Amino acid sequence: MTSLLKSSPGRRRGGDVESGKSEHADSDSDTFYIPSKNASIERLQQWRKAALVLNASRRFRYTLDLKKEQETREMRQKIRSHAHALLAANRFMDMGRESGVEKTTGPATPAGDFGITPEQLVIMSKDHNSGALEQYGGTQGLANLLKTNPEKGISGDDDDLLKRKTIYGSNTYPRKKGKGFLRFLWDACHDLTLIILMVAAVASLALGIKTEGIKEGWYDGGSIAFAVILVIVVTAVSDYKQSLQFQNLNDEKRNIHLEVLRGGRRVEISIYDIVVGDVIPLNIGNQVPADGVLISGHSLALDESSMTGESKIVNKDANKDPFLMSGCKVADGNGSMLVTGVGVNTEWGLLMASISEDNGEETPLQVRLNGVATFIGSIGLAVAAAVLVILLTRYFTGHTKDNNGGPQFVKGKTKVGHVIDDVVKVLTVAVTIVVVAVPEGLPLAVTLTLAYSMRKMMADKALVRRLSACETMGSATTICSDKTGTLTLNQMTVVESYAGGKKTDTEQLPATITSLVVEGISQNTTGSIFVPEGGGDLEYSGSPTEKAILGWGVKLGMNFETARSQSSILHAFPFNSEKKRGGVAVKTADGEVHVHWKGASEIVLASCRSYIDEDGNVAPMTDDKASFFKNGINDMAGRTLRCVALAFRTYEAEKVPTGEELSKWVLPEDDLILLAIVGIKDPCRPGVKDSVVLCQNAGVKVRMVTGDNVQTARAIALECGILSSDADLSEPTLIEGKSFREMTDAERDKISDKISVMGRSSPNDKLLLVQSLRRQGHVVAVTGDGTNDAPALHEADIGLAMGIAGTEVAKESSDIIILDDNFASVVKVVRWGRSVYANIQKFIQFQLTVNVAALVINVVAAISSGDVPLTAVQLLWVNLIMDTLGALALATEPPTDHLMGRPPVGRKEPLITNIMWRNLLIQAIYQVSVLLTLNFRGISILGLEHEVHEHATRVKNTIIFNAFVLCQAFNEFNARKPDEKNIFKGVIKNRLFMGIIVITLVLQVIIVEFLGKFASTTKLNWKQWLICVGIGVISWPLALVGKFIPVPAAPISNKLKVLKFWGKKKNSSGEGSL
């Protein structure tokens, strides 16, 4: 596996920008390259300046509008400045109030059934007016005015929700309208080549009507004009459809789901369905979904940088600073809030309304393809200019013949009108060569395949937040995966327990231990239990671990509400992924203070100095007893159980801080008394082992990075196939986060490639691993769900956040959200990533074949005979097949298992591989040879010698045009499978591909048989049709024979200095395959 990764083309080389080495040198030498993440505006501007801008409106129509991006940033900054000014003003007013200057607020006026108007709420929330809140009776009084219960929320029935939305508004904001179809139509008209063709068409139309009359004279100019209009309409329709598709995907990205309290139970709703009066639980990583006031909280701290631009973390207090701004993130602690403002009645709503039009995104592949288009376009321009000069020279020197064999131009005799008409036709041919030569379909193909892939990935439970992640995922060489919920089902149940100094029945503990365990479970939790009024099963909320422990508490006889009412929380330390534990201090009914801790078993056990024995007495934690518990932990962990310990200690009530000091109190975590250790079963997901094997066969190493015990991680890794039964299970294959953390960067770099499992890791350990792997040249994908995973998700080449267990902070730092938290979905993302790249390569092979063939045929014919067999209208039709229909057919190929049998795609590898060069040259040489032979010897070969010369020439040119188009149609089948011999595999299942082929053929028949005057064709008999079909079909066996021709290992592109932007030079181990 290691050797496979070392030779993989997906690995970064020494000078790769993505590895962070020699960035400036590399970027300077490759204009058409941008980083896959966080490209600077300057870098994005640089490649545009280098691109061929003859037809900029089409070239850049699928790229980021840099001017609009700058305007968006400025608008965001203005609104942030406004929010910042409001906060400063609020602090000033707070100081004034403290000095005795009290701001008065008028009495609340009724608003429907509620006791406060929307205007009053908006003024209070936006000004952070504590005085107004006090006048309304504080948070409880405000809740009464809004007819909500701080502990149970609103009733949540349809009538209540409708009233609240009617009076206070909904949590939505007006979206700026995207570009309409007419705008896309107008943009398509700005293509300079099409404008020149349209001018030529108008001139030809006017001259034709003048010389031949309206009945016959409109054909040439009218045909070109119609063809140009058709290209414009098809381009606009395609662009408009893609715009709608991306808009729908953007809507899905913004649709956050969260829990609210309604009718006493926690229910999950869309952020758009939040109403004023809702009570919302807040936990680390959540986004504050609306403006509101804090009801209660423990160590609650917010990151308000999204609104104020300041990265400072702000502590929130229900008494002193209760106002919460929509859009901020919960950085620490937990609490619950009462919603007071939604939608445009919030600063965040105003911000989103002002920038809600998504401005697209640049992807590295789009930029590289623009580099390809620039090079080919330059050749096309040179060829077109040469053809123009040659045709004009031949015409004015009398070498261009008319239908009677005489010179078309005779100095002093040919009328000026005829000269202008002939020159316009020559110009039209030259411009049309540019239209066909410049492969504008390449950016369209990227957009099509990305849009198609993103839509299909949604069905595969993956929501793409950043387009370039689709491409980058195809290059991934390693995946650092979480265990819980990704490799396992996240359906946890307590199945074993140690308490009273021995292994016990999970449902029967000594009475003394039971009472303390129930107290700890009910208070030291962010979950809850809802008891339906009409009876029925209990409803648990919270994380899977919390649910499992709450369920265990119920089996022990716990009544959740009763247990919570018997003590009150003084202070809480929410679970911390660094410390691997969370604690709470409670005051019991008899005035005692208990500090309860819950967390990773061996970490909590290490803090215990005693335990409660089976008689309910506190006994010292001897070495023997500590070893007994440790062996129990190892035994459970070795059987894939997740081990959690519960402990407590008493604390002197008089030493408990009060006032402001209470919020800063660090709960004591030493001298603990062990209550119980439980083993929680979290089964492996079905099929995850097959997914891991699929990754390994594809050259992608899967590594498990988990906060669980090393032994639990080892057992799960063996079950999932990450570790083989005969693998070396010592360091560094199996390593603990602490050991890795204490190493130097150099030491980490030596072993990081060998790590398969990292247990008891913190989010920072994951970040260190990602950084080390990237330094080693890996393209790293990372899964994460917690707020503290954000740095690793951001640092990785592809950050994958969990959609179910993931916090909003993690999701916002990610590139792709895995909606079902399933590792199998991660593997599907890898398949789609490879499919994006493969589909683009298929289209490049197809399009370049057409480019080369059309250019050579017209150039050779123009130089030798002064005429071209493929007319302007015919070339525009070919352009339509190539740019739009071809892109649609080849860019929407679904991924195949064949893709997962290859090593990862190298992001800096040549786009045109040796296999593609071989395939396209074989087809292009064949087409050029056959069609030029027909051009020069067609009349005799086809037996047309006895026909009228003009008719014979027209039949010959029609056969050339027809055969050329059919060659492209049949060659689309070859392009589907560039390196496979069976080009028909799975073709019937791809209905879109077959539909486009049928449409192309039907339209071609119509053009040849019924639109002769429009397309300069004539009807063909069945024998002539058979010849055309035969010429096209031969491309199939020719492609098959060609696939037996070996290709060199070193990419041809490396030897061609002029093609440097098609890929960076590979090392000697690089392959010329996809």
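Glycine is treated like the rest: Cβ placed from N, Cα and C.
Swiss-Prot lists ASP482 with the feature active site, 4-aspartylphosphate intermediate, giving similarity to another entry as the kind of evidence. In three-state terms derived from DSSP, ASP482 (active site, 4-aspartylphosphate intermediate) belongs to neither a helical nor a strand segment and is classed as coil. All protein chains shown were included, and the count of other CB atoms within 10 Å of the CB of ASP482 (active site, 4-aspartylphosphate intermediate) stands at 26.
Under a cutoff of 8 A between CB atoms, and with a sequence separation of 6+ in the same chain, the neighbours of ASP785 (Mg(2+) binding site) are ASP482, GLY485, ALA801, MET802, ALA805, GLY806, THR807, ALA810, ASP821. Annotated Mg(2+) binding site per Swiss-Prot: ASP785, ASP789, in sequence order.
Among the features that Swiss-Prot reports, region 'Disordered' is placed at 1-33.
As annotated by Swiss-Prot, topological domain 'Cytoplasmic' applies to 1-180 (among others).
Residues or ranges marked as topological domain 'Cytoplasmic' by Swiss-Prot on the basis of sequence analysis: 241-369 (among others). Mean model confidence for the topological domain 'Cytoplasmic' (241-369) is a pLDDT of 81.
Look at Swiss-Prot and you will find 445-840 (among others) tagged as topological domain 'Cytoplasmic'.
Marked as topological domain 'Cytoplasmic' by Swiss-Prot on the basis of sequence analysis: 892-911 (among others).
Secondary structure counts, DSSP: the topological domain 'Cytoplasmic' (972-989) has 5 helix, 0 strand, 13 coil. Taken from Swiss-Prot, the feature topological domain 'Cytoplasmic' applies to 972-989 (among others), supported by sequence analysis.
Feature annotation from Swiss-Prot assigns topological domain 'Cytoplasmic' to 1044-1074 (among others).
All chains included, 29 other C-beta atoms sit within 10 angstroms of the C-beta of ASP789 (Mg(2+) binding site). In the three-state DSSP assignment, the secondary structure recorded for ASP789 (Mg(2+) binding site) is helix. Tertiary proximity for the topological domain 'Cytoplasmic' (972-989) is limited to same-chain residues at least six positions away from its ends with a CB under 8 Å from its CB atoms, namely 841-843, 845-846, 849, 886, 889-890, 893, 896, 898, 915-916, 919, 923, 997, 1035-1036, 1039-1040, 1043, 1073-1074.
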